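Right, one structure below, let's go through it.
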């Protein structure tokens, strides 16, 4: 199978890669001046607080999460951006572009090595590799990764995964006679170190061993009998999969799957939905659909069964047939098998049973490389029969078309209004697009646009969008005194689901936190009653979910602001009971202090300190603020709370 001869680097191809990189910079340049969007703001808020001296470095990088979940490597690079350029998104987006070029360089090198391994592609390995890398650099499907700042997490994970794959391929191509020690170093030291770093950027780097076995099945099947390779796959693939299987058959699976409380689909529905989504990704890679790309994939609906919708089963069969075909022709076209399995393996984390959104373009950032490898491998025999000038001309035209499309996407990303309105036009069933369009209307102070958008939302067939429409329309009706909000409030109550999702929570939190102030006391009472009723009739198991806890917190603040202290304390106690969070416990102490009950507040603070509140600077500051506010009640000791003051010093 292997040609056995490494392909020497071609200076001419290096110039081609540099030209593609330069075109990529020019294509993306307008987008670098765009704003932060979507999750950028909440994720970067602690980083920018650190830059202002308001938060310790550790909390900016880790927050309240574990090292693994916090993605500290990516957060550290955001900290570096904030230090170098405290304001604006340009530095962040420019860093993403640099990482994109670095990934493109590694993709080129990995493609060179893979194409050199078999006679079907080795003759044109250099040309094929540089075209694959150039297409990957210029493809508009990656605009939402490069220009969406927080997707640096995916970029860093992909960068380190590509390095790990290069280490694996190098180890697998070393001669048995002289390369045993070096192969062991690459497989058991360098590879896991790179993957470990990648996981600290994003957990998708954990797919690296699975991608390695995809490459091995295509190019090194004989290596799978080697003890070193068997040990490698046992250690880095077999044992982790066994550990995962153990988690899934133990009560620990409930913690792993708890995130489904945020969604209106189940793990089974998510898995059934993925075949059609994977084929849609492939379609976008083969025939980019321009303006339909972006952040607004939340309009994808989950499958209810193999025939609901009908294309669910068809998509599953299509994936199976493609996979079977690549296996049948693996000896003749190993690049096709390697690329296709690479694509599937790279999706193994985010297209699995885990509680995540159904669809996001950035999941293809690394996976798309596999599709391009497969396409190049299948096209190589055809190109070999064509004149070199014709092939080169076709490649240049393809790259030019991709560059123009990417430039158009970058221009859209440069302006939030363009991005939002374009997204809504192409994704009318996307709640995210509707909310971004509403934000544009508010920034423009365009009341007519705001009313048109909310009117369309309230009549939408998707109850989440309809609920959001009423949640954002009611405050406007309250503000415009001649508008009657009664019907809207009644409809809001009817739309409140028995199980509140993340989207529902965001809509209700906006209404309760910001919208109520525009309404009369009578209107406020009707709105609060509607939400309270929804909470009261929720299933018992749902009331401990994070969405209900968040609503309880907001309700506590609303009642406190209205002077209804008893109800405020009851809602905050319920939030604390359901979450067990020290944050909610301190929140209870804050309300008790504000309600004029210093003894209860001090007792609650002691409980918070015993539970470790002093270990976190933000929580410690809140403890001390409450302690300072209430003073030391007569006849009681404040020694426990004073521990926080000692820790602070």
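Here the Cβ of each residue, glycine as well, is placed from N, Cα and C on the backbone.
A TrEMBL annotation is a machine prediction, not a hand-curated record.
Positions annotated as transmembrane segment by TrEMBL: 15-38, 128-148, 154-171, 183-200, 206-222, 234-256, 310-329, 336-353, 365-384, 389-408.
Remote same-chain partners of the transmembrane segment (389-408), defined as residues 6 or more beyond its termini with a Cβ less than 8 Å from a stretch Cβ, comprise 20, 23-24, 26-28, 30, 127, 131, 134-135, 138-140, 142-143, 288, 290-291, 383. Remote same-chain residues near the transmembrane segment (365-384) are listed as 103, 107, 110-111, 114-115, 120-121, 123-124, 128, 131-132, 135-136, 139, 141-142, 145, 151, 154-155, 157-158, 161-162, 204, 211, 214, 281-282, 285-286, 326, 333-347, 391 (criterion: CB distance under 8 Å, separation of at least six residues from the stretch ends).
Contact between the transmembrane segment (154-171) and the transmembrane segment (206-222) is present: at least three CB pairs lie under 8 Å, with pairs separated by 6 or more positions in sequence. Touching of the transmembrane segment (234-256) and the transmembrane segment (206-222) is concluded from the presence of at least three CB pairs under 8 A, sequence neighbours closer than 6 excluded. Counting Cβ pairs under 8 Å that are 6 or more residues apart, the transmembrane segment (336-353) and the transmembrane segment (206-222) reach 3 or more and are in contact. Long-range neighbours of the transmembrane segment (183-200) within the same chain, counting only residues 6 or more positions beyond its ends whose Cβ lies under 8 Å from a Cβ of the stretch, are 67-68, 71-74, 156-157, 159-161, 163-164, 167-168, 170-172, 174, 206, 208-209, 228-229, 232, 235-236.
Proximity of distant same-chain residues to the transmembrane segment (206-222), defined by a Cβ-Cβ separation under 8 Å and at least 6 residues beyond the stretch ends, is recorded for 1-2, 114, 117-118, 161, 164-165, 168-169, 172, 191, 194-195, 198-199, 229, 232-233, 236-237, 240, 330, 334-335, 337-338, 341-342, 344-349, 370.
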